[in-house]
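Listed in Swiss-Prot for this protein:
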type    : residues : note
BINDING : His65    : nitrite binding site
BINDING : His65    : O2 binding site
BINDING : His94    : heme b binding site
DOMAIN  : 2-148    : domain 'Globin'
Amino acid sequence: MGLSDQEWQQVLSIWGKVESDLAGHGHQVLMRLFQDHPETLDRFDKFKGLKTPDQMKGSEDLKKHGVTVLTQLGKILKQKGNHESELKPLAQTHATKHKIPVKYLEFISEAIMKVIAEKHAADFGGDSQAAMKKALELFRNDMASKYKEFGFQG
């Protein structure tokens, strides 16, 4: 299920816009994740107290974690599918330490898609959306495979 060169170009083009404001995008992605799927908060001890949108908006820790999430994802996307060295340590911590279910990776992928669509509607048309969706699916599938290697069924 690899992406074509053109699809990777679309993914990395829109990702450049995300990287221009990692803090803003990351913060919004996590807020969207926690608001749309409140059960995901249970996996984040330091964010469990954030129950309202205002609390989430004011959280510097949430903003910092958003930068971390999108920075790691960006490193993986830039490898254009050849991401074994970047993916393995991420999968290991998410499988063995954080125990993040694959379903939650789907949820954050949805949040990423929504935030990009809201912030960059003019640059995130159907082809770009399809390419990004495919890239995020590749990421999730490869994470799920690694989870199994680490004995986590997620």
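Backbone N, Cα and C define each Cβ position, glycine as well.
Within 10 Å of the C-beta of the residue listed as 'nitrite binding site' there are 18 other C-beta atoms, taking all protein chains into account. Taking a C-beta cut-off of under 8 angstroms and a sequence separation of 6 or more, His94 (heme b binding site) has the following same-chain neighbours: Ile100, Met143, Tyr147. According to its DSSP assignment, His94 (heme b binding site) is helical. Per-residue pLDDT, averaged over the domain 'Globin' (2-148), rounds to 96. Under DSSP, residues within the domain 'Globin' (2-148) fall into helix, strand and coil as 120 helix, 0 strand, 27 coil.
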